[in-house]
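Per TrEMBL, the features are:
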type     : residues : note
BINDING  : K38      : ATP binding site
COMPBIAS : 265-285  : compositional bias 'Pro residues'
DOMAIN   : 9-268    : domain 'Protein kinase'
REGION   : 253-345  : region 'Disordered'
TRANSMEM : 348-369  : transmembrane segment
Amino acid sequence: MGEVFAGRFELVDVLGRGGMGDVWRVWDQRERAFRAAKLQRQSDSASLLRFVRESSTRVDHPHVLAPTGWWADDGRVLIVMPLVDGGSVAVLLADHGALGDRWARTLGLQLLDALTAVHAAGLVHRDVKPSNLLLSATGTAAPELWLSDFGIAVRADEPRLTHHSEVVHTPGYSAPEVLGGADPDPRQDLYSCGVVLVELLTGRRPGADGDGPVPSGPFAELVTGLLAADPADRYGSAAEAREALEAVPVPAPSGEPIEVFDQLPPWPPGWGPGGPVPVAPPPSSSPVAAPRSEPVTPQLSVPARRVGPLPTGRGPEPQPEAEPEPESEPAPSSAPAPGPSATRRAPWPAVALAVLGVGLLVAAVVTALA
């Protein structure tokens, strides 16, 4: 049995490690279901405040992976959220490269749907990138995206956790003004979304100075409106950008189908899809097998003596009772007990003499009469 956190969540195995905490697969003993949970020590106030901010994110949307609650225990905090099994868009790009127009359109629409809900809740995500876009294991069916990791998400009316000279961002996905220390703005998430869209279409990120790959065709105008260097030249909202992407015709399927399969590690011993499973003991430790190999004890030969009740003697060889045996009785261990045929042999000589005497008497009588 693993460690049980806060008397409810049993830690099963580590799914990933990061700078702000480890992500675990946990078993919710109350709900009897697996969850994902981020575990971190309360090492400093800034990290703890980020944790509290992430745990307080309440965005109810099918493409937003928001925490369901948080717990503190023994100097550590645990944020619990649904468990997603298909890996991330980063893994998909590493396996397949460019995903093509059809997949880019589908994932782009889902991402912009998620950002619309996040921005409507007054949040700026600030860390939109492929590794934070999780996928359900849908096989070759349509993909299902989840926007995750709200560790550095902020509200416009909340105090900054860092000085303007300190920038919290992911290089290659952050808007230019973020590097200059600008305050959080939803249009910064739109820029990051544009970078992700280019990567889905081409397999590469656009360069910071515009020398990277630029999609052509129906996506060109959309990408331009997302990646504008000046925030004022970008789309005004995620909903507006989604309308532009929705207007792009649905591309026909091309190439081999892309499969999103289960990326979770194998179940550790004692666990299965339904929760804890009993672990069978090794055969050598079976308590039933031991008596079968024991040698036969000397007591099995005792009934053959037929000399009374079985002794409870302490020696290796049972002893008969102390009564003396008749001299004429043979030893029980060397000959069977005398039967009825043996007792009838003793009177035969006397019987023969008696018969002979009767015969002589009869002969004498017959002679006299004659």
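Backbone N, Cα and C define each Cβ position, glycine as well.
Confidence in the domain 'Protein kinase' (9-268), given as mean pLDDT, stands at 89.
Residues 1, 12-13, 15, 27, 32, 34 of the same chain lie 6+ residues outside the compositional bias 'Pro residues' (265-285) yet bring a C-beta within less than 8 angstroms of a C-beta in it.
Break the compositional bias 'Pro residues' (265-285) down by DSSP state and the numbers are 3 helix, 4 strand, 14 coil. The 10 Å shell around the Cβ of K38 (ATP binding site) contains 24 further Cβ atoms across the protein chains shown.
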